[in-house]
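Per TrEMBL, the features are:
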type     : residues : note
TRANSMEM : 6-27     : transmembrane segment
TRANSMEM : 55-76    : transmembrane segment
TRANSMEM : 91-110   : transmembrane segment
DOMAIN   : 98-225   : domain 'Glycosyltransferase RgtA/B/C/D-like'
TRANSMEM : 117-137  : transmembrane segment
TRANSMEM : 167-195  : transmembrane segment
TRANSMEM : 207-227  : transmembrane segment
TRANSMEM : 279-297  : transmembrane segment
TRANSMEM : 303-319  : transmembrane segment
TRANSMEM : 324-342  : transmembrane segment
TRANSMEM : 348-365  : transmembrane segment
Amino acid sequence: MVAFKRWHWSLIFLTAILLIASFFRLYRVRDYLIFLGDEGRDALVWKRMIIDHKFTLLGPTASVGGFYLGPVYYYLTLPFAWGLKLDPVGPAYFVSTLGIATVYLVYLFGRRYLNKTIGLIAAFLYSFAPLIVRYSRSSWNPNPLPFFTLAGLMLVYEGVKQKKLWLSFLAGIGLGIAWQLHYLALILAPIYLAIVLVYRQNLKSTIYHLGSVFIGWIIGFLPFLAFEIRHAFPNTRTIFEFITRPYGAIHPQIADVFITSVKRTGFMFATVLMLPDTLWLRLLAMAATLTTIVWSLKRHKLLLIWCSVGMFGFAFYNTGIADYYFGFLFPVPFLMIAILLYRLCRHFGWPVFIAGLLFLSYHQLSKAFFWNKPNRQIDQTARIAGIVVAQAGGQPFNFALISSGNSDHAYRFFLEIENHRPLGLDEKITDQLLIVCEKPEPECKPLGNSLWEVAGFGRSEVNAQVTVDPGITIYRMIHYYGE
């Protein structure tokens, strides 16, 4: 009866956590969704596949290095793009669904390899953490990485422990998918290797499980491999050059790796928890890390392997680190803090545990997205594209975007799905150029602008101009034939 009651309450808590996660990932997705150039580029790929039947073996370009990722994200999200008739919110629902599933995997990881209470605490904190929520409710290729990381790590561990090669095979597929989501997922390979070596039964078992992972990886990575084989490995060569060139992506001084990994562990806590990088934060990271080490050495080592090998691999990375680079480590700080809170509760009682949980919850909730005004970027971009179409008057036109850093793909997406695709200057220089300027109107300066899409149109004059909220100006330019 006691065991039944405990199970009953655990189920209630888990259900509540998943409901919280669902709310934070699904509430007003359309109104808050980021839809700029990168998102427009992806939307154009889905449009080309669904309407134009032009499929791809390449994904988006990496943020650094100039190489391409694999196309798996486009194919994973394709059913959602098709089901919602190319509404940009469709792929975001896919990411949100995986985000909710990731919360459950955090709980499952904690329950299996730590204990049920730690799993519930970690899943609770993970369910509404602002950085996690930000990347769990928008469409972007790195965003599903935490899900495939957790699933892959548990699969490879269970495969070795249960002597089931098919689980290791599935883990390899997950690894192949993860490698196509972000290039830093390469660090998952040594994590997989460490898990197999630590929990292997014998040499034969090690070879079989690593072989199963490798075969699965080939299948998961196959779309990208197909492109590389067909085109003589251009991206592989670019990646190799990127990581081996002087002052490249790989840290050359192995002696500094340990110190760097310790520093970046504190930086990871500050980044993922969105806390200021202060002495108190570093003490929290140190306490959580030491508690995890002690716990892992006495009980289960999977979390320790994940964190230590992951941070050690990260320490070799010698380029600037954005917050989403920690995607394959996102659950780690929450699991480590959950262990710390659990141990504090056991040693100092419930008041200390509740105070710590309330402090973290208050800080995380104070940065929740819904305190901000929705950007409504999808509707805004569609509305501006409609104005461009109206200004074009049904005639062919060239198109340009003057912006501080955005690209024109989002506008081009809406123009294309409305059958008003702008012509490139390499196709035809038309009689009119439609310019969207996202800068303040005095800074637009469409006449004589050095932007290729403007300069390549030739000498021109402003024929029409309209400014709409939130301060975006649309110009209709025509050729100037005066003296």
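Just so you know, the numbers here start at 1 and follow the chain as drawn.
Cβ from N, Cα, C; glycine included.
Automated prediction, rather than curation, is the source of TrEMBL annotations.
Worth saying up front: this structure is predicted, and the values here are computed from it rather than measured.
Panel annotation: around the transmembrane segment (117-137), residues 10, 13-14, 17-18, 20-21, 24-26, 29, 32-33, 92, 95-96, 98-100, 102-104, 106-111, 143, 146, 271-274, 323-324, 327, 330-331, 334-335, 337-339, 341-342, 357, 360-361, 364-365, 367-369 of the same chain, lying at least six beyond its termini, place a Cβ under 8 Å from a Cβ of the stretch. Counting residue by residue with DSSP, the domain 'Glycosyltransferase RgtA/B/C/D-like' (98-225) contains 107 helix, 0 strand, 21 coil.
Relative to the transmembrane segment (324-342), the listed stretch 167-195 leads the set 55-76, 167-195, 348-365 in CB pairs under 8 A.
With pairs at least 6 apart in sequence, the transmembrane segment (303-319) and the transmembrane segment (167-195) have 3 or more Cβ pairs within the 8 Å limit; the two touch.
Summed and averaged per residue, pLDDT over the domain 'Glycosyltransferase RgtA/B/C/D-like' (98-225) gives 94.
Between the transmembrane segment (303-319) and the stretches 55-76, 207-227, 279-297, the greatest number of Cβ pairs separated by less than 8 Å involves 279-297. Among residues of the same chain six or more beyond the transmembrane segment (279-297), those with a C-beta under 8 A of the stretch's C-beta atoms are 114, 265-266, 268-270, 273, 303-304, 307, 333, 335-337, 339-340, 343.
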